[in-house]
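Here is the structure we will look at.
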Amino acid sequence: MSDFKHQLLLAMGLNLGLKVVTFSLTVKQTRLLLPEQSGIAFTYMVYTDAVMFLAREAVRNVASRLPLTAPRAAPDGEPPGAAEAPYDAQAVSRVVQFASLAIPIACLVMALFELVYALFGLHQLPSLSRTAAESYQRLVGAANSTASSHASVFFQFSEVQYVAEPTPRARLLFHVPELLVVLSIVLNALAEPCMVVVLSLDLFRSVVLSEFWELFARLTTVIGLLTLLGGAFRSEWEARLAFALGQLAYGGTHLLYFAVIGSAHSRLARWAGGGARLAAVRAAAVGRGGWLPFPWCCCSPAGTAGVLRAQAALFTSFAQESLLRLVLTEGESFALTAAGSRAARGNYQVVSQLGSLVARLVFRVWENACSARWGRDLAAGRAAEAVALLQLMLRVGFYFGFSFVLLGPPLARWFLTVLYTSRWSSPAMVGALQLYCYAIAVMSWNGLLEAFLRAAASPAMVRRLQRRMLFLSGLYVGVCYVALGRWADEAVRALIVLNVGNMVCRIGSALHLALRCTAADGTPILALSDVTRVVDLRMALCLALLLALSRAVAATAPAMLAVGALYAAVVLAGDRTMRELTGSVVRRLPPARRWRLWQTPGGAPPAARPSVTL
C-alpha cells in the first residue's frame with residue numbers, strides 16, 4: 001500500500017477516535033438545549049460555513065495545482081514527476097501568497113451578505129443583521145405582550161435595563177453576538193495559508209487534529225456557559241451570546257493550532273501534529289533562523305496580486321463553480337433559515353449534525369486528501385494512478401454508504417432515544433433521520449466524483465460544469481422554497497428528500513462531464529467501465545438480499561448487530577479488493593497489535609524481524 005493511502009487510513013483512524021470525544025460533547029450539549037435554541041446555533045453555523053466555503057474552496061482548488069518544488073527535469077528512464085525535487089522558496093511563497101487571498105474574500109463575502117439584506121431586504125441569503133433584527137422584534141413583542149419582566153432578562157447579563165427605546169449602548173450590546181461571529185470568521189480565514197500548505201504536503205493528521213481541537217473548544221465553551229447559567233439559557237440573547245462565543249473559540253483555536261505547527265519551535269510543532277516535511281518547507285521559505293511565524297511571513301499584497309493575475313482565469317472559473325456548489329449543497333439550509341421556524345431549524349440541526357459527523361469523520365478527509373492527490377497526479381501525467389485511486393475510493397464509499405441504508409432506518413428511533421432522550425425522538429425526527437441515512441449513502445460518491453472532476457477539468461470543462469450547476473442550483477433552491485410553503489409541518493423531511501434528489505442529479509452531471517475530460521495527449525482520462533465495475537452484479541444481489549433481511553427482522557440493536565456482522569463477512573468474502581485493503585491495513589499495524597490480531601484459531605504469528613546489533 002502506498003504511503004499516501006497509509007497516511008489517509010491513519011488520519012481516518014485518528015479521526016474516528018477523536019470524534020468519539022467531540023460526539024459525546026455534542027450529545028451532552030443537545031440534551032441541554034431546546035429545539036428553538038438549537039436553531040440559533042444552526043443559523044450561525046450556516047452563515048459561517050457559507051462564508052468560509054466561498055472564501056477558501058476556489059483558493060484551495062487552484063493552490064492544489066501549484067507545486068511547492070521548483071521545476072526539475074526527470075532523470076533518464078523515469079516518467080515526468082517521478083523525481084523528488086527539494087522545496088523551493090519561491091514556489092512555497094507563491095502557494096502561501098495565493099492562499100492568503102481567502103482573507104479578503106471572506107471579508108468581502110460577509111460585507112456582501114449584509115449589504116444585500118440592508119439595501120434590498122432579501123431574506124434568501126444568510127445575514128447576521130437579519131438574525132439580530134428578528135431576535136429584537138421577538139424581544140419587543142414579548143415586552144409589549146407581557147409586563148416586560150421576561151423581555152428584559154437579556155440585559156440582566158450586563159446590568160443594562162431594557163426600555164422601549166434602547167440606548168445606543170444597549171443596541172450595541174444586543175449585536176455583540178453577531179460581531180463575535182464576524183471575528184471568528186476572520187480568525188478562520190487567517191489560518192488558510194497554513195492549511196493549504198498542510199494539504200499540499202498530505203499531512204492529514206494535522207487536519208484531523210486541528211478539527212478536533214476546534215470542535216472541542218466550541219463545544220466546551222457552550223457547555224461551560226450553560227453550566228454557569230444553571231443548565232439552561234434564560235433568554236434568547238444569552239443563547240445567541242453563548243453560541244457566538246463558541247464560534248469565536250472555534251476560530252481562535254483554528255488559528256492558534258496552525259500557528260503552533262508552523263512555528264520555529266520544532267519540538268512543539270511536531271508534538272502538535274506538524275511533520276518533518278512541514279519543517280523542511282518552512283526552512284526553505286524563511287531559513288532555519290527565521291523568527292517570523294510561518295507561513296504568514298511569506299504573505300504580501302503585491303505577491304498575492306501577482307499570483308492572482310497569473311491564475312486569474314482558473315481562479316475565476318473555480319470561484320463561479322464554488323458559488324454554484326454552495327447553493328446546491330446548502331440550498332435547503334438557506335431556505336430553512338429564511339422561511340423555516342426556529343424549531344424546524346433546531347430539528348434539522350440535530351439530524352444534519354449526525355450526518356455531518358459522518359461527513360467530517362470520513363468524507364471530508366477523503367475529498368480533501370484525494371482532491372490534492374488527483375490534482376498532482378494528473379498534472380504530472382499519471383492519469384492511470386488517479387483513476388485507480390478513484391475506483392478504490394468509490395468502492396469503499398459504496399460499501400460505507402450502504403451500511404447506513406442497511407442499518408440506519410431500523411435503528412433510528414432507538415438511536416435518538418438513547419442519545420438525546422425521548423424529547424428528540426418524535427415521529428417527525430425519526431422519519432427525518434431515516435431519510436438522512438439514504439442521503440449519506442449518496443453523499444460519498446457525490447463528493448468524490450466532484451473532487452475528481454475539479455482536478456481533471458480544463459477551464460472549458462469547468463465553464464460547462466458551471467452552466468449545468470447554474471440550472472440545477474436555481475431549480476433546487478426554487479423547489480426548496482416551494483416545499484417549505486407547501487409542507488410547512490413536514491419541512492425537515494421534505495428538505496431531506498429534496499437534498500437526496502439534488503445529490504443524485506449532481507452525481508449524474510459530474511460523471512457525465514468526467515467522462516469527457518481528456519489528458520494532454522487527447523485520450524479520455526476516465527471510462528464508464530471504470531465506474532460501473534466498482535461493484536459487480538453478484539455482490540449487488542447479495543446486498544439486496546441483506547437489505548430485505550434487515551427490514552424483515554426485529555428492529556433491535558442485537559438483530560442489527562448480527563446483520564452488520566453478516567454484511568462485513570459478505571463484503572470480505574465476495575470482494576477481493578476489500579480483502580487486500582484490509583490485509584494491507586493489518587500489515588501496517590505495529591507488531592504488538594498485529595500479534596493480538598493473529599491470535600485466532602488456525603492463525604500464525606508474523607515472522608520475527610532479525611535483530612541487528614550496531
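Placement of Cβ uses the backbone N, Cα and C atoms for every residue, glycine included.
All annotation found in TrEMBL is predicted automatically rather than curated by experts.
TrEMBL annotations:
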type: TRANSMEM; residues: 98-120; note: transmembrane segment
type: TRANSMEM; residues: 179-203; note: transmembrane segment
type: TRANSMEM; residues: 215-233; note: transmembrane segment
type: TRANSMEM; residues: 239-260; note: transmembrane segment
type: TRANSMEM; residues: 396-416; note: transmembrane segment
type: TRANSMEM; residues: 428-448; note: transmembrane segment
type: TRANSMEM; residues: 469-488; note: transmembrane segment
type: TRANSMEM; residues: 559-578; note: transmembrane segment
Stretch among 179-203, 215-233, 469-488, 559-578 sharing the most Cβ pairs under 8 Å with the transmembrane segment (239-260): 179-203
Which of 215-233, 428-448, 469-488, 559-578 contacts the transmembrane segment (396-416) most, counting Cβ pairs under 8 Å: 428-448
Spatial neighbours of the transmembrane segment (428-448) far in sequence, C-beta under 8 Å, 6+ residues away: 347-348, 350-352, 354-355, 358-359, 362-363, 366-367, 370, 390, 393-394, 397-398, 400-402, 404-405, 408-409, 412-413, 415-416, 490, 492-493, 496-497, 499-500, 503-504, 506-507, 510
Residues of the parent chain within Cβ reach of the transmembrane segment (559-578), under 8 Å, 6 or more residues beyond its termini: 392, 395-396, 399, 403, 406-407, 410-411, 538-539, 542-543, 546, 549-550, 553
Residues from the same chain, set at least six apart from the ends of the transmembrane segment (469-488), whose C-beta lies under 8 A from its own: 124, 321, 324-325, 327-328, 331-332, 334-336, 338-340, 494-495, 498, 502, 505-506, 509
